[in-house]
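J.: Dropping a structure here in C-alpha cells format, bear with me for questions.
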Amino acid sequence: MGKGFYISKAVAVTCVVVAIAAVATIIALSVVYAQEKSKNEAISPPTTSPDTTTITPTTPSTPKEPWQRYRLPDSLAPVSYNVTLWPRLKTNADGLYIFSGHSTVVFTCVKETDLILIHSNRLNLTAFEGYHAKLKGLDGATAPSLKNTWLEVPTQYLVIQLSGPLQAGSKYELFTEFVGELADDLGGFYRSEYFEDGVKKVVATTQMQPTDARKAFPCFDEPAMKAVFHMTLIHPQETVALSNAMNYDPVNITMDGQKLIQTRFEPTEIMSTYLLAFVVCDFAYIGTKPGAEIRIWARRKAIEEGQGNYALEKTGPILSFFENYYNSSYPLTKSDQIALPDFSAGAMENWGLITYRETALLYNPDVSSNGDKEWVATVISHELAHMWFGNLVTMKWWNDLWLNEGFATYVSYLGANYAEPTWKMKDLIVLNEIVGVMAVDALASSHPLSSKEEDIQMPEHISELFDSITYSKGAAVLRMLSEFITETVFSKGLSIMNYLLKMKREHLKFKWELLLNWFVPITWIKTGVERQQYWLVDKEATNNDMMLNANDWLVANVDMRGFYRVNYDAGNWERLLAKLSSQHKDIPVINRAQIIDDAFNLARAEMVNTTLALRTTKFLNKEVEYMPWQTARNNLDYYFLMFDRSEVYGPMQAYIKRQVSPLFNYFKDLTLNWTKIPESHTDQYNQVNAISLACSTGVKGCRDLTTGWFREWMKNSTNNKISPNLKSTVYCSAIAAGGVEEWDFAWSMYKNATIASEAEKLMHALSCTKQPWLLNRYLQYCLDPEKIRKQDATITIIYIASNPIGQPLAWDFIRANWNHIFNDYGGGSFSFGGIINGVTKRFSTEFDYKQLLQFKEDNAGQLGSATTALEQALERTKANMNWVAMNKKQVLEWFTSETSSPV
C-alpha cells in the first residue's frame, strides 16, 4: 500500500475499501489544501469562490429578518481590510483602558442586495451624518446611499440598510471609526498585566478565536470569509508592536499632543478573521535566521533568564519536520511566538504570531519539570501544525472544527517525537488523549465529531465544541486511520498536489462519506505473536483464527491503534489475568494499560464484573512502567471519588499502599535514595506516581521525605533543592500534612514566582490543604484578579473541588457566585464547561442530582458554554448513583479480602 494508490470511478466493495476511503479522505483534504495554497499564491484574491461563501441556515426559531440570524448571508465577500488601532496602556479620565481605531473593508457583492451585515460587538461606533459607517463604490461602481443603520446586539451585527441594491460583481468600501474597552476579559483586543521590578506593565494583545475579532473592529467574522489584512498599530514610545506579518520600519508621530510610534505591517496572506493577532508590549525576544525568521517573545526578565531558549531550540526542527511531512514549505516569512502573562487557552495558532500562556512556551531547566518541558514541545508542535492545516486550509464552518484540532493534536505528537525522539511521544498519545476521551465519548451526552452546520449557530454553541471530543477523539480517529494505512501513506496523501488540482470538488463529499462508513480494523496478538489484521465489516462476525486452545491467550487492538474497547470471554480474561500475574512483560506495555482501562470501563457499563476490573490491578506490585500505573491510577480515581467519604475508603487505601510500596522502593533504589533523576522520560513520570501514591496511602518514610524537603525550603526560601519533577507532588503532600504556616509560605512563593510553571505548581498545591477555612479563603481569592489571574480562576476552583474537603465548598461557592462569575468572566469562555465538570465529579446521590437540576433551573439562559457540560454532569450523576448502588458492597468486600490476605 505504501508504494502507491489510485482511485477508480467504481470502487470494489472489499476490505480494501476502508484503506482507499482513508487515502481518499486525505486526498480530499489535500484538494482543499492545494486550492487554498494556489489562492494565496495569486496576486489578487478571486471575487468569489465556492470555498469562501456560506449558506444561511436559520436558528431553530426561524427568525424573519436576516439580522436576527447568527450566520452571515452569502451576498457579500470580503477582499481586504485596512485597520488602524491605538491601544491606550494607561487609564483615561474615567479609569478605563480603551482603544480607538478605524477600519476600511473592501468587499465584493456576490448577490444583489440592499443590506450589509457585518459583525461588531462592544464597539462604540462614530456617527457620520447620523449613520454608523461610510460606503463608497470602487472601480467605477456607484454606492447606494445609506437608509438606516443600527447595532443588533443579540446577533452582534452592525446592520446597514441601503436605499438601493449593491450590484453583483461590483466592489465597495465600508469605513467605520470606533472606540472599545481594552478590558481584561481575555477575548478580542484585551489587556494583560504584570509587574517587573515593582513596576506595573500593561500589554495590549488579542484572542480572536472563535468569534471575538468583532470586538476589535467590524468584520465579516466567519472562518470562510477570508481576506487580506493591512494592519497599523499606534503605540507608546519604548514599546514594540507585533502582528501576523512582518512590520515596516516604525515611524515617530504625534497625536493628541503625545509622542507615539506608528508601526505598519506588510499585508497578510488571505486568511480568516479568527487568526488575526496583534500585540503591543515592552517585551524582548531571541531569534534565529536563515529561512523563515523565528522569534520567541516574552517578558524581558524571562528572556534574560533563558526561559525562551528551549522553545527557540525546538521550533526550527519542528517546522522542518512539518515542511517534510506536508511536502510544502512554511507558508510565511517569519514565525513569532509570544508568551503572555494572561491568556485563556493554552495557545492560539494565529498565522505568523502564535500566542501562548507562559507555561506553554517558557521553560527553565533549573525549575521546570519534565512534564513542563513536554507540554512546551507538544503545544509548539500543535500550533505549528496549524500553520498548514487550519490556517492555509480552513474549515468552512465551526461544525468541522474537529478536523482542524483533531489533526493538529495527532500530528503534534509526531512533531514532538521528532524533536525529542527518546520520549516515546507516539506511545504517550494513547495515555494523554485516547484513554481519557473514550470515557467521555461513552456518555450519551457526547457529540459527533462533525455536527450539522445548522446545529452550530450561536457563539456559545461554537465555544462548546472546543472540548476533548473535538481534540482528542479527532486525534484518535486520525491516528487509527494512519495506523491501518501506514503513516507513510497517510502523510503522502497530504503532498500529492499536482494530481489533486485535477480533481473536482464533487469528489470531496463522496470520499468523506466513504470514511464515515467505518469498518473496524482488528489487530491482535495470539499467545505472544502478532497476527494478520482482520477487518470487522459487519456488527457481528466470527474469525476462526481467533479460536483459542487451553493454553492460548489473545489480546486485541494492539497498542490501542483502533478507537474501540475490547471485551473477551471469561476464559480469555482469566488467561490474561494469569499472564499478567506470572509474566506481565509478555504483553506489550500499552496493552497492559489497555487491559486495565477496558476492564474498568466495561465494568462501569455493566458488561463485566467490577471485581474483574479490580483484579487487573493485582499485577501492579511487579510493574514499574508508567503507562499501566497511570492508567490504573486514572481508573481508581473514580473509586476514590465515589468512596472517599465512605467505609470503603480504608480498605481501598490499604490495598493501594500494598501495591505501590514495591514501586516506591524501586525508585528509591533507582535514584540512589532520591539523589538522582531517572534517565527515562516515562520513569521520571512514574517516580512522581510512586511518591504521590505512597504518601497519600501512608507508605513508611514517604511523608517524612516530602515534608522534610518542604521544611528545608521554608528555612531558606531562596534555595529550593526539591527536584523540579517532584515539586508538584512534594508541595501538595507537605501542604496537606501541614497547616496555615505551610499554606501561607506557599502562597507567598506563588505570588513572588517569576516562572509560570512554578507558579502553576504552587497554585495547585495550595488546594491540597485539609483546612476548610483555608480552602474557603482560597476560593474567595479566585474572585480577585489581583490574587488569582482570570485565566487561572476556573482551574483553581477545579483544583479545590478535587480535594474531598474542598468539593462541597467549591460547589457552594459556584452556586453563590455564578451570576458574578458568568458575567465578569464571559459566558463564551472555554473553561465554563470545565468548572461544571470539575465541581460535580463526585456527585453520586439523589440529593446531588436534585441540586444540579435546581442549579440548571436557577441559571436558565445563563449557562453559556457550560450548557453541554451541565447535561453531562446530570447524566454522569445518574450513572454514578446506579453504579454505587450496584457495586459498593462487592467493592468493599474485594478490597477487604485483598488486604486481609497475605501477599
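Glycine is treated like the rest: Cβ placed from N, Cα and C.
Straight from TrEMBL, here's the annotation block:
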- 40-67: region 'Disordered' (REGION)
- 44-62: compositional bias 'Low complexity' (COMPBIAS)
- 78-275: domain 'Aminopeptidase N-like N-terminal' (DOMAIN)
- 310-501: domain 'Peptidase M1 membrane alanine aminopeptidase' (DOMAIN)
- His382, His386, Glu405: Zn(2+) binding site (BINDING)
- Glu383: active site, proton acceptor (ACT_SITE)
- Tyr471: site 'Transition state stabilizer' (SITE)
- 553-878: domain 'ERAP1-like C-terminal' (DOMAIN)
J.: If you count, for each of the recorded positions Glu383, Glu405, the other Cβ atoms lying within 10 Å of its Cβ, which residue has the minimum?
T.: Glu405
J.: Setting His382, His386, Glu405 aside, what same-chain residues sit with their Cβ within 8 Å of the center of the Cβ atoms that define the Zn(2+) site, listed in sequence order?
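T.: Residues close to the Zn(2+) site, other than His382, His386, Glu405: Glu349, Glu383, Ala385, Gly390, Asn404, Phe407, Ala408, Thr409, Ser412, Tyr471.
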J.: Return the residue, from the listed binding-site residues His382, His386, with the maximum count of other C-beta atoms within 10 angstroms of its C-beta.
T.: His382
J.: Any idea what the Cα distance is from Glu405 (Zn(2+) binding site) over to Tyr471 (site 'Transition state stabilizer'), rounded to a whole Å?
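T.: Given the Cα positions, Glu405 (Zn(2+) binding site) is 5 Å from Tyr471 (site 'Transition state stabilizer').
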J.: To the nearest whole angstrom, state the Cα distance for the pair His386 (Zn(2+) binding site) and Tyr471 (site 'Transition state stabilizer').
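T.: A Cα-Cα distance of 13 Å.
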J.: What count of other C-beta atoms do you get within 10 angstroms of the C-beta of Tyr471 (site 'Transition state stabilizer'), across all chains shown?
T.: 23
J.: For the domain 'ERAP1-like C-terminal' (553-878), provide the mean pLDDT of the predicted model.
T.: 94
J.: How big is the Cα-to-Cα gap, in Å, between Glu383 (active site, proton acceptor) and Tyr471 (site 'Transition state stabilizer')?
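T.: So the Cα of Tyr471 (site 'Transition state stabilizer') lies 13 Å away from that of Glu383 (active site, proton acceptor).
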